[in-house]
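The block underneath contains the structure these notes are about, expressed in structure tokens.
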Amino acid sequence: MSADPTTVLAFETDCHIFDGCGFPAPGLHSFVFEPMFTLGGIEINKPMLLAVLSTVVVVGFFWAAFNKPKLVPGKLQMVAEAGYDFIRTGVVYETLGKREGKKYVPLMVSLFFFIWIMNLWAIIPFAQFPVVSVIGFPVALAAIVYVLWVSLTFKRHGFVGGWKNISGYDPSIGPALPFVMVIEIMSNLLIRPFTHAVRLFANMFAGHVLLLIFTIASWYLLNGIGIAYAGVSFVMVILMTAFELFIQALQAYVFVLLACNYIQGALAEHH
Amino acid sequence: MSALETLAAVNITGNLGSIGYGLAAIGPGVGVGIIFGNGTQALARQPEAAGLIRSNQILGFVLCEALALIGLVMPFVYPVD
């Protein structure tokens, strides 16, 4: 009676409570996708397709908005300008200042909208998968920021100055200096990129698993007395979807905010 | 004896990963409470600084929450099989 939950979607089986089959719980197997088709020798599966679609959406939206910019903006241009200005003034200029920040605005705007659209696929019907819950995507984005700020540190301060910046070298601390330097080096070079990527990944991973649990439970409970509980579970699906809407935008904003913070720390002058 | 065998010997069974997450959520729970509690107090003292306080709250919350989420994800990294 029970089908293998790793290959068959829950609602394709006839497995309900009191039927004798166990609850087809979501797990890591829910995040592994078979390739859908092959394009030029590369196998494309669902997360990759959604990532490409996110790129198309972001590029298409900003192209359509800013292709023929008018002095008195039309509706699309106004919305795009509001989004662009939110990141530029609210995040980049706040942390980096206007003079330094000008160079990094395109990267930060692209990162924010790319991550936000990739997150949004989690609640859009037929897609329903947050692309960043595949660990490769946040790792790649965090690696871009990591390489950027490390190279900026060494370019701005030279080799010795770069290591002083990364280790937080400050002779006025006194005897605690070796400990502070070791902790700072570990924090800046190892732990911060790790948490930068894992924060985004774990938020979307946990949100997707929660949505999966309540959705599968709504189907699983549709048998006998379970129908009342299936209704409750479905209400939870709706609440979690609303919560996910908030978390998706917040995590994209925070990724960009922390990226700007790291760059600002790299460019900071020695006191 | 591994941790699981020790626990099973005293009749505690179940998913060690869930227990690990429960322990991992203690610290961030306290931390997030402190952040938003103090933030609310600051907001009450000086409502015109709302934007500044809110952005600092978000930054602090996100840094704190990261640890709880790493605790949520670790049982999937090391599955018990």
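Cβ coordinates are placed from backbone N, Cα and C, and glycine is handled just like the others.
TrEMBL does not curate its annotations; it predicts them automatically.
As annotated by TrEMBL, domain 'V-ATPase proteolipid subunit C-like' applies to B:19-76. Per TrEMBL, the feature site 'Reversibly protonated during proton transport' maps to B:GLU65. The transmembrane segment feature in TrEMBL is assigned to B:19-37, B:58-78.
Long-range contacts of the transmembrane segment (B:19-37) within its own chain (CB-CB distance under 8 A, at least 6 residues past either end) are made by residues 57, 60-61, 64-65, 67-68, 70-72, 74-75.
Per DSSP, the domain 'V-ATPase proteolipid subunit C-like' (B:19-76) is made up of 56 helix, 0 strand, 2 coil.
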